Amino acid sequence: FKGGDTCEYLLSSGRFLGEKVWQPHSCMMHKYKNSEAKNCLVDKHIVFIGDSRIRQLFYSFIKLINPQVKEEGNKHGNIPFEDKSASIKVDFLWYPEVNGSMRQRIKSWTEGSVAKPHVIVVGAATWSIKIHNGSNEALTQYKINITSIAPLLEKLAKSSDVYWVLQDPVYEDMLSDSRKMITNEKIDAYNEAAVRILNSSSRNSKAKVKVFSVSKLIAQETIMKSADGLHVPELSRDTNAMILMNVYCNKIMKPIDGSCCQPEPPLTLIQKLAFCFFTLSIIGYLIINLIHRNNFRKNKSCTDLESGEEKKPAISTPNVSTLEMLLHSFCKLGLIMTYFYLCDRANLFMKENKFYTHSSFFIPIVYILVLGVFYTENTKETKVLNREQTDEWKGWMQLVILIYHISGASTFLPVYMHIRVLVAAYLFQTGYGHFSYFWIKGDFGVYRVCQVLFRLNFLVVVLCIVMDRPYQFYYFVPLVTVWFMIIYATLAIWPQVVQKKANGNCLWHFGLLLKLICLLTCIYFLSYSQGAFEKIFSFWPLSKCFELNGNVYEWWFRWKLDRYVVFHGMLFAFIYLALQKRQMISEGKGDPLFSNRVSNVLLFISIVSFLTYSVWASSCKNKTECNELHPSVSVVQILAFILIRNIPGYVRSVYSSFFAWFGKISLELFICQYHIWLAADTKGILVLIPGYPMFNVLVSTFIFVCVAHEISQITNDLAQIVVPKDNSTLLKRLLCIAGFFSGLLLFSAMQDQSRH
């Protein structure tokens, strides 16, 4: 289903999500703030021509520029408005009938060197019906008058945006006696005449007067709330004004969540090079595949005439198989990236705004929890936070986060605060997992570091290139990458303290604790010194990675929001491994973690702590204040969950294979959702099948999960090739990667220069 002309859809079709949110067909509407409206309309002149209903639209429009405007002045006269700070002029011209006077005014803009308005909004009919008592002669005259005005409007449309507003329906039961002749039947006849004449005129002209017919649909849903049956309620007029703003401003301001009327972005130099690379990979793979098939046919086992034995075909050399595997991976990745581009950069598929309801969030949550419990299996080991359990934890958290994003639940503060804990829990696992590995293995080699960095960043780097997005846009990957490097640096710098060394001398434990205290001090300092933090990450080339919209504030905000939780994860790992080494906990199958008495007390405290945090999060009234407390208190619910999940022996011995499966591809799911499940860089929802919301979600979800799983496999395959265990080969690869990123920075600088 092709998206088509989203401007036409915006002006002609849509539906209400709930009672107040208007959803245009196929595209997303941006909600313009006063500052954005001023920036768009600077040095512009907009004119509204018509009757009292056009005057309503005029007032709603200027309130988008200045909300303090009061609706006062001569109701049956011209009303000027000017914003001197932005040099914006908006005029309402009182012409309640389509007649000679209106024609003369419009004609004056087409003559000579008279300054023409940039936007003209015209509409009238109800006065003609009222004054002439709904006579057929009045309709005939209306047609004649519009026919004479249409060529003038078409002439203006060559240099200005011209909109003809169709007449909204009335609520006949509420009309006063003096307006009873204004019926919906008459209004439909006038609208039909206007559309037919304007469309006929536009067929003979390259320019086109845009028919603003969507106001009819909006009024049909809201006219019952009208004060007098004729004038539309505030919701209708405000929605119409916002539609007008989107029609004119989206192509100028290019808001991410305003896909209506936005042209397809041009391909950048880097995107073109990526396209060529993937095309060559596909061609290369097909050529090698054909050569192999041809060789296979030639070497197909044949009978030796002398011995009667079968000769086995020659085995391909490892170099060829590695090359084939590399090209095969890039071939699949190229096709997947094409799908990404078509979904979220090309105007091929439709996009819609999110709309939150409690049912749209909580019903899917209950559904996946039931599924997760249904797929319960025994774990291979019964240690605290064993591999199956951490995969399960990542899996159900990722599914909840996905539902949170697609349902638009960020507008509901209690849900937002709980989701913040889930993101913190991911980072907690980062601290716990990497600390445990370095502490137990003592492996600080380059190979381990490169493997982790490649697996974390490969997909994001490819998306930055293909989707033309900065690295910081996918904020979670920079977050876990930086924290991994901090953990590595903390443990790798002299003196290196690992479990083997600490077992020989307990004093090494104090050395490690001293390192952790230094780390905590640095975190505390940077969290309260925004200037120092921004200086560190504003140095080139770090700034290229961490800047978003020209500054690193977003990166500082994301880092600060969960600044302590990685440290908490490291500290928990240290305490747990120390207790495990001294056999102070019991991790046998079915055994409680501690003695029955201690286990019961800790379990009670954990449940109370878990619920207390939920009560606090649910009572949050201000997002800013709650975000300030979150870094210090999120660990309470995380630790409470770990203890509830691990203290009872039976609970620790089972896991959900359903959640664990998703946990293994949780990173890919989190990143892929940006473009092929959600849309407009997570601001909206991708629509593959319009008109069937549930079926659309099922289809897009199936494709999305399959793609995430495939990318996970591609990443694992490429990690083995790009990051080999041999140090000399690895060094060569690192030099190639450094060259690649140097070229990327060079091309990026060229792109930025051409844009400016």
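All positions are counted from 1 along the displayed chain.
From the backbone N, Cα and C atoms, a Cβ is placed for every residue, glycine too.
What you are looking at is a predicted structure, and each value in this text was computed from that prediction instead of being measured.
What TrEMBL says about this protein:
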- 22-92: domain 'NXPE C-terminal' (DOMAIN)
- 253-734: domain 'Cas1p 10 TM acyl transferase' (DOMAIN)
- 269-291: transmembrane segment (TRANSMEM)
- 355-375: transmembrane segment (TRANSMEM)
- 395-416: transmembrane segment (TRANSMEM)
- 423-440: transmembrane segment (TRANSMEM)
- 446-466: transmembrane segment (TRANSMEM)
- 473-495: transmembrane segment (TRANSMEM)
- 507-526: transmembrane segment (TRANSMEM)
- 561-579: transmembrane segment (TRANSMEM)
- 599-617: transmembrane segment (TRANSMEM)
- 659-680: transmembrane segment (TRANSMEM)
- 692-711: transmembrane segment (TRANSMEM)
- 731-750: transmembrane segment (TRANSMEM)
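Away from its own ends, the transmembrane segment (659-680) comes close to residues 28, 256-257, 259, 339-340, 343-344, 349, 351-352, 372, 375, 388, 390-399, 401-402, 405-406, 426, 455-456, 459-460, 463, 467, 474, 476-477, 686-687, 700-701, 703-705, 707-709, 711-712, 715 of its chain (Cβ-Cβ under 8 Å, at least six residues beyond either end). Across the domain 'NXPE C-terminal' (22-92), the DSSP tally of helix, strand and coil residues reads 22 helix, 19 strand, 30 coil. A Cβ distance under 8 Å defines the sequence-distant neighbours of the transmembrane segment (423-440), meaning residues of its chain 6+ beyond its ends; these are 385, 390, 393-394, 397, 401, 448, 452, 476, 479-480, 483-484, 487-488, 491-492, 498-499, 562, 565-570, 572-574, 577, 630, 634-635, 638, 641, 666. Non-local neighbours of the transmembrane segment (446-466) in the same chain are 270-271, 274, 333, 337, 340-341, 434, 437, 473-474, 477, 480-481, 484, 488, 667-668, 671-672, 674-675, 711, 715-716, 718-719, 722-723, 725, 727, 730, 734, 744; each lies 6+ residues outside the stretch with a CB under 8 Å from one of its CB atoms.
For the domain 'Cas1p 10 TM acyl transferase' (253-734), the model's pLDDT averages out at 92. Beyond its flanks by at least six residues, the transmembrane segment (731-750) meets 269-270, 273, 446, 450, 465, 541, 544, 722-724 of its own chain at Cβ-Cβ distances under 8 Å. Beyond the ends of the transmembrane segment (561-579), by six or more residues, the same chain brings 384-385, 420, 423-425, 427-433, 435-436, 439-440, 479, 483, 486-487, 490, 499, 509, 512, 516, 519-520, 523, 526-527, 585, 627, 630-632, 634-635, 638-639, 642 to within a C-beta distance below 8 angstroms of the stretch.
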